[in-house]
């Protein structure tokens, strides 16, 4: 695995991660996202429907949260999760947790962390964690970590403990990694902890960087938990302590504005649980990311629920009414006002159809929304990369963040 | 010999061109029995089984040709559960169902008409058949009241009363733009006995006439009659006599596939096909279990629909030639083979029982995988039935089918054995 940076401008790193996977044939552009899955399936989508999307990320993300309960089955299967799930030829990254779920706190000890499957809590020692990795057979994985510092008012002592435990877990993981046949060609990522305490962040980063890891996972920065500016400052400082040539993935960050802020602070990779969360809210993503709508390609893409090509959705102010479940960057398709039937276009028909599916609780609603939201999110990342490449990041930010602030 | 055997001609060879039913019917009742050349439907009988009443046909409808015998999956609310229309097309589905009652309630005919009909709304480019809303009279009976005018429903969503008349049902179906529309019929449950059954039969005939008169698009949309009469042979025969006098492009056999005894069921099916014109398609409503499909093809039916395969998929039940697998059960957790090693559907080509079992706990995609498999199973079954009829080996097919489905001859359901016997197929 190698990270080739073509550009570093205004803090943003632009490049390609190459040599991925067992054959080393795969690559991933950065900044970019992984393909989020639950139990190795992109939510709502079969392989056929998934592959109607173009330009899928070459790296698929699975989590120990959703796979731990299948440990014995995977061990008996012997050939890893990629084959077990009938996945296409993709690179597999295994994280500890599923960022779309909030797990209850208070189940971390000096020697163990807990994950949550469909049957409840499963406690993991490093040994068990590594046995699960051997059964999953990922191409890269994060080491076991104590990331429970996201709660408000976490004490300094607790944060320090999280850093210490995580380093200890990493060292143990590295030892077992060397001894595990199934992980011979896999890369292990170190996890940087430290809560919101700058000294601990720096300590965690420096110490982790001393270990022979392939990349870094930045933990405890979850969108819900931390103020965007605080996060940006901490990540910037942390980044400076990390080797430039190794990739940095941040967990739990998905909203477009948070993504941009993290990219400016030096992050390369993100998860893509966010489009899934938007889907579960019955919403369609509408990020205003197109800089130059290309009249030649407009209308030739896979039909999605909403096509903007630079235009804003008809109901502008809907998101600013203080509804807790409403987020900026999305349209609530359960809401009849968003469905806007006056215009007689294929897009409004499609919106009316998805609205109907949601209102009648039909499964296809989730499928169509997931397809739209994933495609839209991937388009956002592509546009972000282009904006960095062409030196028009400010322009891009103005367009994307515009719909958050209103007029 | 009974009427149906006299009317059937001798063996067809695949290579010989078959006269189009619209042009060369030698029956003196040609003007009524043959499909009117003005109707947007043509039935070509490609092959008939010389032993039983089974036939293989090509049914040409406005959107594309349909090969019969055909199973039509049900997409009640304008969607086939979690399956996209592209997936449905890839499975080679040529026709599926939508429901007038449900779609008439939500989102309503005006919106669908604006979206270029149900085809445009769903983005389905092949054929659609819409049910009239009649069956909901039985299934939602607490909410309905029947008069000569129509059916009064109380909407379960807002408590409002809606009157569904034959004219209204056809108007909604005209807006939906389906290729085949069903008449509004007065449906009674097959377990009901007594004068209500006769009343419903006669009313269905009168409603058929009202539906025919109300159809705004006879050049684009085919209206099928629905034979009623419950389990009473005399009433069924009377209904058949009356309805076959009307110039409709096709007939459905209704009022069955409720809770009735199978022994009564098959007798009404065979009585109906005996008296329905050969040159028009016969649609047996609500029949979908594999055994029932095979037997009723033998009895002369061409088209079938049922929610069963798609509904049972959502409970984790996968249909196979020897029964069904309840994939949520523990025994499949480590079963690394596909649902059916011989099945070519996307699910079986890629996924194992063990993975599907695991996925059920995490994501709805598991339901979609099973739904795809079950639809594929039903469509593939019908394709093999059709092929066996064309190749003049349908009785052998039926025997092999029974052997695969049941552990031993003693387990063959007696109603099926008798029904097949009645058309000269001896499976024991």
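Glycine too: its Cβ is placed from the backbone N, Cα and C atoms.
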Check TrEMBL: it lists B:343, B:345, B:348 as binding Zn(2+). Then name which of B:275, B:368, B:369, B:373 it lists for that same site.
B:373
In TrEMBL, which of B:305-309, B:310-314, B:315-319 is labelled region 'RNA binding'?
B:310-314
In TrEMBL, B:131, B:132, B:133, B:134, B:135, B:185, B:255 are given as binding substrate, so which of B:221, B:228 is in that site too?
B:228
Any idea which of B:279-285, B:286-292, B:293-299 is down as region 'RNA binding' in TrEMBL?
B:286-292
May I ask which of the binding-site residues B:131, B:132, B:133, B:185, B:255 is closest to residue B:305 (active site, nucleophile) if we compare their C-alpha atoms?
B:131
Among B:131, B:185, B:305, the one of these recorded positions whose Cβ has the fewest neighbouring Cβ atoms within 10 Å:
B:305
Just to be sure I understand, if DSSP states are collapsed into helix, strand and coil, how many residues of the region 'RNA binding' (B:286-292) fall in each?
3 helix, 0 strand, 4 coil
Chain-internal residues, separated by at least six, CB under 8 A from residue B:255 (substrate binding site):
B:185, B:187, B:188, B:190, B:226, B:227, B:228, B:229, B:230
How does the region 'RNA binding' (B:310-314) divide up by DSSP, counting helix, then strand, then coil residues?
4 helix, 0 strand, 1 coil
Which value does the mean pLDDT take for the region 'RNA binding' (B:286-292) in this predicted structure?
95
Which residue, of the binding-site residues B:133, B:134, B:135, B:228, has its CB surrounded by the fewest other CB atoms within 10 A?
B:135
Among B:131, B:132, B:133, B:134, B:135, B:185, B:228, B:255, which the record lists as binding substrate, how far apart in Å are the two most distant Cα atoms?
15
